[in-house]
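Asks: Supplied in C-alpha cells, the structure appears directly below.
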Amino acid sequence: MQFFGRLVNTLSSVTNLFSNPFRVKEVSLADYASSERVREEGQLILLQNASNRTWDCVLVSPRNPQSGFRLFQLESEADALVNFQQYSSQLPPFYESSVQVLHVEVLQHLTDLIRNHPSWTVTHLAVELGIRECFHHSRIISCANSTENEEGCTPLHLACRKGDSEILVELVQYCHAQMDVTDNKGETAFHYAVQGDNPQVLQLLGKNASAGLNQVNNQGLTPLHLACQMGKQEMVRVLLLCNARCNIMGPGGFPIHTAMKFSQKGCAEMIISMDSNQIHSKDPRYGASPLHWAKNAEMARMLLKRGCDVDSTSASGNTALHVAVTRNRFDCVMVLLTYGANAGARGEHGNTPLHLAMSKDNMEMVKALIVFGAEVDTPNDFGETPAFIASKISKLITRKALLTLLKTVGADYHFPFIQGVSTEQSSAAGPHPFFSLDRTQPPTISLNNLELQDLMPVSRARKPAFILSSMRDEKRSHDHLLCLDGGGVKGLVIIQLLIAIEKASGVATKDLFDWVAGTSTGGILALAILHSKSMAYMRGVYFRMKDEVFRGSRPYESGPLEEFLKREFGEHTKMTDVKKPKVMLTGTLSDRQPAELHLFRNYDAPEAVREPRCTPNINLKPPTQPADQLVWRAARSSGAAPTYFRPNGRFLDGGLLANNPTLDAMTEIHEYNQDMIRKGQGNKVKKLSIVVSLGTGKSPQVPVTCVDVFRPSNPWELAKTVFGAKELGKMVVDCCTDPDGRAVDRARAWCEMVGIQYFRLNPQLGSDIMLDEVSDAVLVNALWETEVYIYEHREEFQKLVQLLLSP
C-alpha cells in the first residue's frame with residue numbers, strides 16, 4: 001500500500017508540474033455559456049466555472065467576440081480577483097493598440113511580465129514586450145518617464161539595457177523620453193546602454209545633447225568609466241565619438257585609470273588616441289599616473305610606447321617601478337627597466353625599488369634591479385640600506401643569499417645613525433613604514449654555508465672601485481680595436497661588458513676605440529656605437545626587440561627585424577654618413593661557391609694587391625659601395641643567421657665565416673694601412689696597440705655520446721645513426737661558428753708576436769642560452785653572471801681601462 005501511495009504522490013507532483021494555472025489558452029466563449037460572470041472590465045471577463053470549480057479570466061478577442069484567450073484558471077476566488085484587477089488595469093493599452101498582442105505566445109509573455117513586475121508601468125511592459133505599435137497609445141506615452149518601480153528606472157533605461165534600438169527610437173521620438181533621468185543607483189540611460197550589448201543604442205542616444213552622457217552614478221562612475229571597467233571597447237569608442245569627457249574624476253581617477261586598473265588595453269588605447277594628454281593624468285587618491293596602475297607587461301608597454309613618462313612620481317614620490325616591485329610584478333618591472341626606468345629612484349621615505357624588493361623574496365627581481373643599475377648601499381630616510389631591510393624581513397634561505405650579496409659592499413646590518421637623532425630615539429620613534437621589529441643586531445651570518453655563493457661579488461663589481469678620472473687624449477698615437485662576436489640576443493652580454501668599461505673609464509665606447517668590428521648581433525652593436533647610442537639604451541632595446549622579432553617558429557619573419565633596424569638606424573642612412581670610428585661588419589656572400597667573407601665598411605675598402613683566391617666571375621654582381629650601402633641593410637645582412645632568418649638577398653650571417661671577427665679585423669686594418677702607405681699617406685697610419693675582443697658568453701661543455709653515422713642493419717642501429725647524425729650536425733655548426741677556442745688562441749698569439757695588447761672578455765655562463773631566447777629571467781641571469789665575471793676579472797678590467805685612457 002505504501003508503494004501505491006508513493007506512486008500516487010509522484011503522479012500528482014508530475015501533474016502539478018505540467019499544469020500551470022496561468023498558462024494562456026485559446027478558448028471558445030460557448031464553453032462558458034453556463035458559467036457565471038463575476039467581473040467584467042473592457043474585453044476582460046472573470047468567470048466562475050462551476051464544472052471545474054475554478055475562476056477563469058478570459059480576454060475576449062476584439063476581432064471575434066465568439067472566441068478569446070483564457071489568461072488564468074485559479075481555484076481561489078481571492079487570488080482570481082487580485083490577478084483580474086491587475087490584468088484589467090495593464091492589458092487594455094496593448095490589445096487596443098496592436099493586433100500582434102492577440103496571439104497565445106505574446107499574451108503569455110505579457111501576462112508573465114505583469115505578474116513578475118507588478119510595479120512596472122504599461123510603458124515598462126511595452127519595452128520588454130517589444131511591439132512598436134504599442135508606443136502610439138496615449139496611456140503608454142503618458143508613462144514614458146515614469147520611475148515608479150523597484151529599480152527606479154525609466155522605460156528608456158530598460159530599452160537601453162535590452163539593446164532594442166527600434167524601441168529606443170519610439171521612446172525618444174514619439175514618447176519624448178528624457179535621457180538624463182537617473183534610477184535609484186544614479187544611473188542614466190547611457191549607463192544602461194553601456195551594460196547592454198548593442199553599441200547602436202548608445203550611438204542613437206548620443207545624437208541628442210544630454211547631460212546624461214557625462215552623469216556620474218552613486219559610485220562616482222560616468223558611462224565612460226563603466227565601459228572601461230567592463231572592457232566594452234566598442235562602447236568606449238562610441239562614447240568618445242559622442243564627445244564623452246575623459247577628464248571627469250571618478251573614485252579611482254579618470255576613465256584612463258579605470259581602464260588600467262582593470263587591464264582593459266583596448267579601452268585605454270581608445271582614450272589615449274582621442275586625448276593624448278590622458279597618458280599623463282594623475283588620479284585623485286594617489287596622484288598616480290596611468291603607468292602606476294599597470295598590472296601587467298602588456299599594459300605598461302602600451303603606455304610607454306605612446307610616450308608615458310617612465311619615471312613619473314605619485315603623490316607619495318613613488319615611481320611606477322616602486323609600485324611594480326611592491327606588487328611583485330616581475331614582468332612589469334622588466335618592461336619598466338627596459339624602457340629606461342631609474343632603478344635607483346628614491347620614493348616614499350627615501351626607499352629605492354631595491355629596498356622594496358628585499359621584502360619580496362624574489363631573487364630574479366633583485367638581480368634585475370642590480371643589473372640595471374640599482375645601488376645596493378643607498379640608505380633611505382631612516383638610514384636603512386637594502387641589506388638592513390633584507391636582514392629583517394626576508395625568509396631565511398633568501399635572506400642568507402641576499403645578505404651574502406650585500407655584505408660584499410660592507411652593508412651595515414645595524415639600524416644606522418641618523419643625523420640629529422640617536423639610535424635609541426629613532427628606534428623608539430614608532431613603527432617603521434615597512435616593519436615594526438626591534439632594531440637589534442641580527443645574528444652573525446657565516447659566509448661559508450650560504451646559498452648562491454656566486455651572487456657575492458656582483459654588487460662590488462658595480463662599484464666604481466677602479467674608475468679612472470683621466471680622459472682620452474684626442475691626439476692618441478696608437479689605434480684601438482674593438483671586436484664584437486655574434487650570438488643573437490646574447491649580445492646583451494657584450495652590452496653589459498661595454499657598460500662596465502664605460503663606467504670604469506668615464507668615456508663613451510665610441511671615444512675609446514678607433515676601429516670597431518662586429519658580426520651579426522655584434523655588427524648591430526658596432527653600428528649602435530658608431531651612431532652614438534648609449535649601451536644602457538641598447539640594453540633596453542635588446543630586451544624589447546626580442547619580443548618583437550622572435551615570434552612564432554623558426555625561421556622567423558624578417559619584417560619585424562628589418563623594421564627594428566630601420567627604426568634604430570634610419571631607413572635612408574648610409575654607411576659613410578658617420579666616419580668615426582671606422583666600422584666593419586662581416587657578412588657571407590652566398591651567391592658563389594666557395595662562399596666569401598664580405599666586410600660592410602663606413603670607409604673605402606683598401607685596394608687589393610694580392611692575387612684573388614678565385615678567378616673573377618663576370619656573372620657575379622660586385623658588392624655595394626660603402627657610400628651607397630644602407631646601414632640597416634648591412635646590419636640585416638650580417639645577422640641573417642641560417643634557420644633563424646631567411647637570407648638577405650645574397651647575404652648570409654657573417655658568423656658562418658667570422659663569428660669572432662678579430663683576425664679578420666686585424667687583417668683589414670693591416671691592409672688598410674699598407675694601402676695608405678702606397679698612396680703616400682703613411683703619416684696618417686697609426687700602429688694598432690690594443691685589441692679588445694668581447695664574447696657573448698661561453699656555454700658549458702657537455703659530453704657527447706655518439707657522432708657515428710653509418711649504414712644501419714637493424715632498427716636499433718637506425719636509431720643510433722639518426723642520433724649520431726643529429727649530434728654530428730650540431731657539432732659541425734658549433735665548430736664553424738665557435739668564437740672561442742683556437743680562434744682566440746690565434747688572435748692572442750698574433751698580438752703577442754707584434755706587440756699588441758690583447759684582451760679577451762667572455763664570461764662563462766651556467767647554461768646554454770639559445771640565440772633566440774626570450775625569457776627575461778634567463779637573460780637577466782646571464783647578465784648577472786656577466787657581473788660576477790666582471791668582478792672576478794676586475795684587475796684585468798683595471799689594466800684595460802688604464803691602457804685605453806693612456807695617450
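Count begins at 1; order follows the chain as displayed.
Cβ coordinates come from backbone N, Cα and C, glycine included.
Take a look at what Swiss-Prot says about it:
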- 120-147: repeat 'ANK 1' (REPEAT)
- 151-181: repeat 'ANK 1' (REPEAT)
- 219-248: repeat 'ANK 3' (REPEAT)
- 316-345: repeat 'ANK 6' (REPEAT)
- 349-378: repeat 'ANK 7' (REPEAT)
- 481-501: transmembrane segment (TRANSMEM)
- 512-532: transmembrane segment (TRANSMEM)
- 518-522: motif 'GXSXG' (MOTIF)
- S520: active site, nucleophile (ACT_SITE)
- 678-687: region 'Calmodulin-binding (1-9-14 motif)' (REGION)
- 749-760: region 'Calmodulin-binding (IQ motif)' (REGION)
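If you look at the structure here, what lies around each of the features I listed?
Replies: If you look at the repeat 'ANK 1' (120-147), the same-chain residues 6 or more away from its ends with a CB under 8 A from one of its CBs are 90, 92-94, 96-98, 100-101, 106, 109-110, 113-114, 153-156, 158-159, 162, 164, 166-167, 170-171, 174-178, 181, 183.
Per-residue pLDDT, averaged along the repeat 'ANK 1' (151-181), amounts to 88 for this model.
Sequence-distant contacts of the repeat 'ANK 3' (219-248), counting only residues of its own chain at least 6 positions beyond either end whose CB sits under 8 Å from a CB of the stretch, comprise 185-186, 188, 190-191, 193-195, 199, 202-203, 205-207, 213, 254-256, 258-259, 261-262, 264, 266-268, 270-271, 274-275, 278, 281.
Beyond the repeat 'ANK 6' (316-345), the same-chain residues lying 6 or more positions past its ends with a Cβ under 8 Å from any Cβ of the stretch are 286-289, 291-292, 294-297, 300-301, 304, 310, 351-354, 356-357, 360, 362, 364-365, 368-370, 372-375, 378, 536-537, 539-541, 543-544, 776-777, 780.
In terms of DSSP secondary structure, the repeat 'ANK 7' (349-378) contains 16 helix, 0 strand, 14 coil.
Long-range contacts of the motif 'GXSXG' (518-522) within its own chain (CB-CB distance under 8 A, at least 6 residues past either end) are made by residues 483-491, 494, 583-586, 638-639, 641, 653-655, 658-661, 694, 696.
Every protein chain considered, the tally of other Cβ atoms within 10 Å of the Cβ of S520 (active site, nucleophile) stands at 33.
Counting residues 6+ beyond its ends, the region 'Calmodulin-binding (1-9-14 motif)' (678-687) has Cβ neighbours under 8 Å at 476-479, 514, 607, 609 in the same chain.
Outside the region 'Calmodulin-binding (IQ motif)' (749-760) by six or more residues, the chain places 663, 666, 688-693, 695, 796, 800, 803 with a CB less than 8 A from a CB of the stretch.
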Asks: Quick test of the contact rule: Cβ under 8 Å, at least six residues beyond the ends. What residues does that give for the transmembrane segment (481-501)?
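Replies: For the transmembrane segment (481-501), the list is 371, 461, 509, 512-526, 529, 535-536, 538-539, 542-543, 546, 550, 639, 641, 644, 653-655, 659-662, 665-666, 669, 688, 690-697, 737, 739, 761-763, 765, 769-774, 779, 782-783, 786-787, 790, 797, 800-801, 804.
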Asks: Over the span of the repeat 'ANK 1' (120-147), count residues by DSSP class, listing helix, strand and coil in order.
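Replies: Counting residues by DSSP class gives 18 helix, 0 strand, 10 coil.
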Asks: May I have the DSSP-based helix, strand and coil counts for the residues of the repeat 'ANK 3' (219-248)?
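Replies: Helix (H, G, I), strand (E, B), coil: 17 helix, 0 strand, 13 coil.
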